[in-house]
């Protein structure tokens, strides 16, 4: 397959599936199996940087607000209004989520060789069930004021989301709603907690960059990143709209359809 077409497909899939609750890693694995498309480390780094840039742009005002609150807190110039307290709690929550996500992610990485094609299909079904439960009123526990417990649960879930076929956004939003957070807040927590995880992952992969085979030139790599960025902007807006309108079950239907189709083809 022509490299230009490969990078366009990879950029499209990464941009769409990173934010929609359908598992980007699961879909990239499907591409690898059926279209013989692999994802070199250097290209993986560019694609993830492009998608995290989408989150930063989409939540730029919120991120700036949190950064300013944190700086004022460090400089002891914070007036500690109710809003300031809420923002500090969110920062603390994201830090706790990041810590436990890293722990679970490191543990799961050790068993990467066990990520079989059948496991991906099974995880697609698990994700579809979680999305279905979000829309059909799961039992909600009021633990959102317990920052540590909330961070622990969401962090563990986000770590599990590293498994191909499990949607990171889907499972973290499920956990947040289960804890009593609103849909809007759950979405914010899910996307903001993605930023430190992606940057941490890119930092760890940086050394591998020089050990990998470069099969794409710089133009092709940038082209893939641009496609990931453009379709990422589209998919994050679509996901926000569908979550607010209680239509995540569409993604459940999609995932079950994918599993059925793949099972039929294989």
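Any Cβ shown, glycine's included, is placed from N, Cα and C.
As recorded in Swiss-Prot:
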type: TRANSMEM; residues: 4-24; note: transmembrane segment
type: TRANSMEM; residues: 39-59; note: transmembrane segment
type: TRANSMEM; residues: 88-108; note: transmembrane segment
type: TRANSMEM; residues: 114-134; note: transmembrane segment
type: TRANSMEM; residues: 147-167; note: transmembrane segment
type: TRANSMEM; residues: 186-206; note: transmembrane segment
type: TRANSMEM; residues: 214-234; note: transmembrane segment
type: TRANSMEM; residues: 246-266; note: transmembrane segment
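For the transmembrane segment (4-24), same-chain residues at least 6 beyond its ends with a Cβ under 8 Å from one of its own Cβ atoms are 31, 35, 37, 39, 43, 47-48, 50-51, 54, 123-124, 127, 131, 164-170, 173, 191, 216, 220-221, 223-236, 238-239, 248, 251, 254-255. Recorded stretches compared: 39-59, 114-134, 147-167, 186-206, 214-234; the one with the most Cβ pairs under 8 Å to the transmembrane segment (246-266) is 114-134. Contact between the transmembrane segment (186-206) and the transmembrane segment (39-59) is present: at least three CB pairs lie under 8 Å, with pairs separated by 6 or more positions in sequence. Same-chain residues lying 6 or more positions outside the transmembrane segment (214-234) and placing a CB less than 8 Å from one of its CB atoms are 3-4, 6-8, 10-12, 14-16, 18-19, 40, 42-43, 46-47, 49-51, 53-54, 57-58. The transmembrane segment (147-167) makes contact with the transmembrane segment (88-108), as judged by at least three Cβ pairs under 8 Å among residues 6 or more apart in sequence.
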